[in-house]
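Peer 1: Copied straight from Swiss-Prot:
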ACT_SITE  Asp7  active site
BINDING   Asp7, Asp140  Mg(2+) 1 binding site
ACT_SITE  Glu67  active site
BINDING   Glu67  Mg(2+) 2 binding site
ACT_SITE  Asp140  active site
Amino acid sequence: MIVLGIDPGSRKTGYGVIAETAAGYRVLGCGLVRPRAADTLHERISQLCAGLDEVIEQLKPEAVALETAFVGRNVRSALILGQVRGAVLATVMRHSLPVREYAPREIKLSVTGTGSACKEQVAAMLSRMLELGGELKPLDVTDALGIAYCDLARGASSLGGQLRKNGKGRSKGWAAFVNEHPELMA
């Protein structure tokens, strides 16, 4: 299964594509779609959609995962993000891809074992688990990778989910994972 995680934003949108194979997870591609900052919101949204079209056509995901919308105190920012999310969803739906959404806490929990982890902790854990090497990725990119990882780890579209449905491959919990994989810990 190949999942595209998207962290939408009007100035830059992070994306991460992860494939789940019998050998584990492998990053197929990740990066930022950056519209021209001087352009209007409508022009930036159009550029964002074109960039996501390219990512989808090149990396061929089978599903898309997004973080659920967070609404803070700034109404204007929430409205802009709503427009961006709508455009992202329309772009994805044009490619007939299923979409799943996850709460930020659920994403952090699936990556780090705690729902209160900061973005830097999520990035560090993903760097180890997905073998991203020493290269630091922008937080928008690691957020997108975390969203895709969460989808696969939760079994929404994964081999692991199929095993759980068959009653095999039950999780032994976070502590057992840490004990079995000390090389992934700092």
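Glycine is treated like the rest: Cβ placed from N, Cα and C.
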Peer 1: Round to a whole number and give the Cα-to-Cα distance in Å for the pair Asp140 (Mg(2+) 1 binding site) and Glu67 (active site).
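Peer 2: Taking the Cα atoms only, Asp140 (Mg(2+) 1 binding site) lies 12 Å from Glu67 (active site).
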Peer 1: Quick one: among the active-site residues Asp7, Glu67, which has the most Cβ atoms sitting within 10 Å of its own Cβ?
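Peer 2: Sorting the candidates by Cβ neighbours within 10 Å, the top entry is Asp7.
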Peer 1: Tell me the Cα distance separating Glu67 (active site) from Asp7 (active site), rounded to the nearest angstrom.
Peer 2: 7
Peer 1: If you draw a 10 Å sphere on the Cβ of Asp140 (Mg(2+) 1 binding site), how many other Cβ atoms land inside?
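Peer 2: 24, counting other Cβ atoms within 10 Å of Asp140 (Mg(2+) 1 binding site).
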Peer 1: Taking DSSP three-state, what's Asp140 (Mg(2+) 1 binding site) in: helix, strand or coil?
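Peer 2: Assignment for Asp140 (Mg(2+) 1 binding site) reads helix.
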Peer 1: Going by DSSP, is Glu67 (active site) sitting in a helix, a strand, or coil?
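Peer 2: DSSP assigns Glu67 (active site) to strand.
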